[in-house]
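A.B. asks: Copied straight from TrEMBL:
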- 112, 114, 119, 158: Mn(2+) binding site (BINDING)
- 114, 119: oxalate binding site (BINDING)
- 35-50: disulfide bond (DISULFID)
- 80-190: domain 'Cupin type-1' (DOMAIN)
- 1-26: signal peptide (SIGNAL)
């Protein structure tokens, strides 16, 4: 019987190694039925420690934190509220998180990315223009009305703009319990430059309104925008 060559053994070893690396980039698989976050622990681990199973209750698996917008002093200020395993303990080890975005009639969520998650974007109320930019600098965008869904692939820049005449509400689900946020405004531009960038971005989006049957509000000036 012919013995395998050293090059074959090296190839096999590399194949096994990279297969293991591929598995490790996703959120870890759950080894228990449930694992609500033990919020009183301070260990630094990849995720959160579990509560003692004997004290887990139904309240660990439901939350009312997305029933309304984040409290502000001004009802017209827009907001994004993300629930991860840190805020919603029942999500721990399940590889999921969820958010609610409230957009005023003159607001945008500026371009950003989630390095650890794909986002499913569901419009609950209003009309929004949403889109993402791929690694070849191609822009994929669409006007969405209540009930419409869009997906933002993992790690790609994406945005949403309230293009209607009433406040918009969006719910998003992420396939990571901690999706992370990278915002180009805060990382690369001073506040004044950020405002200029967002307004130039708006002009580009307005020019596309004629391509959709949905009504785009021509009076949007983006005096309010969200920088995650």
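Glycine is no exception: its Cβ is also placed from the backbone N, Cα and C atoms.
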A.B. asks: I'd like to know which of the binding-site residues 114, 158 has the most other Cβ atoms within 10 Å of its Cβ.
C.D. replies: 114
A.B. asks: Give the residue counts of the domain 'Cupin type-1' (80-190) per reduced DSSP state, in the order helix, strand, coil.
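C.D. replies: Counts, helix then strand then coil: 8 helix, 58 strand, 45 coil.
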A.B. asks: Identify which of the disulfide-bonded residues 35, 50 has its Cβ surrounded by the largest number of other Cβ atoms within 10 Å, counting every protein chain shown.
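C.D. replies: When each Cβ's neighbours within 10 Å are tallied, 35 tops the list.
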A.B. asks: By CA-CA distance, flag whichever of 112, 114, 158 among the binding-site residues is nearest to residue 50 (disulfide bond).
C.D. replies: 114
A.B. asks: Summarise the model confidence on the domain 'Cupin type-1' (80-190) as a single mean pLDDT, whole number.
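C.D. replies: The predicted confidence over the domain 'Cupin type-1' (80-190), as a mean pLDDT, is 90.
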A.B. asks: Sorry to bug you, but what's the C-alpha spacing from residue 35 (disulfide bond) to residue 114 (Mn(2+) binding site), rounded to the closest Å?
C.D. replies: 24
A.B. asks: Write out, in the order they occur in the sequence, the residues of the chain not among 112, 114, 119, 158 that have a C-beta within 8 Å of the mean position of the C-beta atoms of the recorded Mn(2+) site.
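C.D. replies: So the extra residues in range turn out to be 113, 117, 132, 152, 156, 157, 179, 181.
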A.B. asks: When the Cα-Cα distance from residue 35 (disulfide bond) is computed for each of the binding-site residues 112, 119, 158, which gives the smallest value?
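C.D. replies: So, of the listed binding-site residues, the one sitting closest to residue 35 (disulfide bond) is 119.
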A.B. asks: Is it possible to get the count of other C-beta atoms within 10 angstroms of the C-beta of residue 119 (Mn(2+) binding site)?
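C.D. replies: Residue 119 (Mn(2+) binding site): 22 neighbouring Cβ atoms within 10 Å.
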